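Per TrEMBL, these features apply:
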type	residues	note
TRANSMEM	6-27	transmembrane segment
TRANSMEM	39-58	transmembrane segment
TRANSMEM	64-83	transmembrane segment
TRANSMEM	104-124	transmembrane segment
TRANSMEM	136-164	transmembrane segment
TRANSMEM	231-252	transmembrane segment
TRANSMEM	264-283	transmembrane segment
TRANSMEM	292-313	transmembrane segment
TRANSMEM	333-351	transmembrane segment
TRANSMEM	372-395	transmembrane segment
Amino acid sequence: MHYTGYELFAFFLIYSFLGWAVEVLIVSLRKGYFVNRGMLNGPLCPVYGLSIILSLQFLEAANANPFALFVGNAVLATVVEYIDGGLLRRIIGRRLWNYDSPRFYITFAFAYSGASVLVISLLQPLVYTVSQMIPHLLFCIILWILFALLMVDGVASFVVAFHIRKQSRLELKVTEGLSNTKKIMGQRFFARLQKRIHKAFPELENAKLEVIAVKALDQKKFAEGICFEKLVWMFFISALAGDLIETVFVWVKSGKLMSRSSLIYGPFSVVWGLGGIIATVMLHRLIDKNDIYIFLGGFFLGSTYEYSCSVFTEKVLGARFWDYSGMPFNLDGRVNLLYCLFWGLLAIVWLKVIYPFVSNYIGKIPRVLGEVLTWCIVVFIVLNALVSAMALYYYSLRMAGISVNGKVEMFFSIYYPDTLMKMIYPNAVLP
């Protein structure tokens with residue numbers, strides 16, 4: 001059976017989660033307490049998902065023969081485990097598991113292969129059927145969100161693994177080795193990841209690292225450094241401020257007061273919100289540099305980002321939210337020289353004035369309250385984005401003259417009619 005890239009990624013996530021759940025259950029029962037296995041902080045063990053995906057792609061001809069499927073999965077399991085173990089050993093510098101006993105490994109390979117046969121023969125048809133019941137746009141949006149979260153988790157875990165290797169070589173320079181990572185990720189976030197990995201894999205345990213992790217978690221300041229909480233707040237503030245700035249700018253320029261929001265609920269511009277995150281992460285290293293470097297960084301980063309957003313919204317949502325075709329020095333109507341210069345100037349103002357001021361006040365929020373509010377913002381923005389994307393998708397279908405008769409389509413046509421969508425997205429260019 002031919003699967004799309006989206007379907008394969010969905011299957012990868014599902015079986016990575018199921019593999020993680022089974023491994024956590026086995027290890028936790030054996031140890032007597034919960035152990036979050038795997039190098040990732042989230043509930044995923046990618047090696048299991050990857051093995052099933054490879055089996056679906058390369059062992060399709062063997063599906064009718066259980067014995068051939070069993071042998072094929074045993075070989076795949078051996079190859080994937082060997083490569084995975086080798087890569088982790090290269091990154092960390094130590095083994096996370098040991099299959100020196102042939103009897104132990106043969107038992108593992110047989111058990112894993114048998115489980116894979118059952119999953120592919122019995123569970124996979126059900127998973128595929130359920131995946132086909134989800135509206136395609138919603139399916140894609142969910143996967144893109146999960147992909148972004150997976151990338152963040154993967155980068156964070158890689159940084160922690162790299163520093164574990166570094167600390168194994170420089171045992172007495174642990175604090176120095178952590179300093180750069182703390183600046184990037186924040187002390188608490190780094191410490192939690194490191195402490196979890198040491199708990200999941202006791203072979204990596206180091207008394208000095210445990211002390212540092214505990215001390216880092218005891219820090220009182222909320223959202224210190226460039227961490228998840230800080231970026232969520234930067235997104236929220238940038239999205240709100242950007243929407244208001246655009247609204248006032250258009251009002252002054254054209255005399256018309258119109259919506260500039262990306263989302264249905266609230267004056268939030270996702271482009272500005274993501275721009276605030278990208279500017280913070282990508283340009284914060286230039287904060288002490290000459291303004292010309294910041295300007296050039298903002299010029300090229302901002303123009304690339306704006307162009308990418310225009311392409312993404314047109315391809316995924318079927319609409320262009322801005323068109324600079326009537327302005328000089330434009331590129332396909334997606335970016336133009338004037339606004340590229342504006343991105344450069346904005347980068348200077350952001351790094352030199354806005355970011356230090358906003359970051360200081362975010363840090364004054366009580367830690368517990370800040371954590372609660374952060375996750376409230378995340379849930380609100382994610383749900384708001386999902387509803388807005390679905391409403392815009394079905395709005396574009398109606399504008400194209402495509403009839404919609406399903407229950408989901410009728411729901412969005414009733415509660416998010418054309419008049420409302422035109423008011424929220426007055427400049428949306430539909431195909």
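Easy rule for this one: first residue shown is 1, then count along the chain.
Here the Cβ of each residue, glycine as well, is placed from N, Cα and C on the backbone.
No curator has checked TrEMBL annotations; they are predicted automatically.
Simply put, out of 39-58, 64-83, 104-124, 333-351, 372-395, 372-395 has the most Cβ pairs sitting under 8 Å from the transmembrane segment (264-283). Long-range contacts of the transmembrane segment (104-124) within the same chain: residues 11, 15, 18, 51-52, 55-56, 59, 63, 66, 69-71, 73-74, 76-78, each at least 6 residues beyond the stretch ends and with a Cβ under 8 Å from a Cβ of the stretch. If you look at the transmembrane segment (231-252), the same-chain residues 6 or more away from its ends with a CB under 8 A from one of its CBs are 223, 258-262, 266-277, 280-281, 355, 358, 362, 374, 377-378, 381. Long-range Cβ contacts of the transmembrane segment (64-83) within its own chain (Cβ-Cβ under 8 Å, at least 6 residues beyond either end) map to 47, 50-51, 54-55, 58, 99, 109-110, 112-114, 116-117, 120-121.
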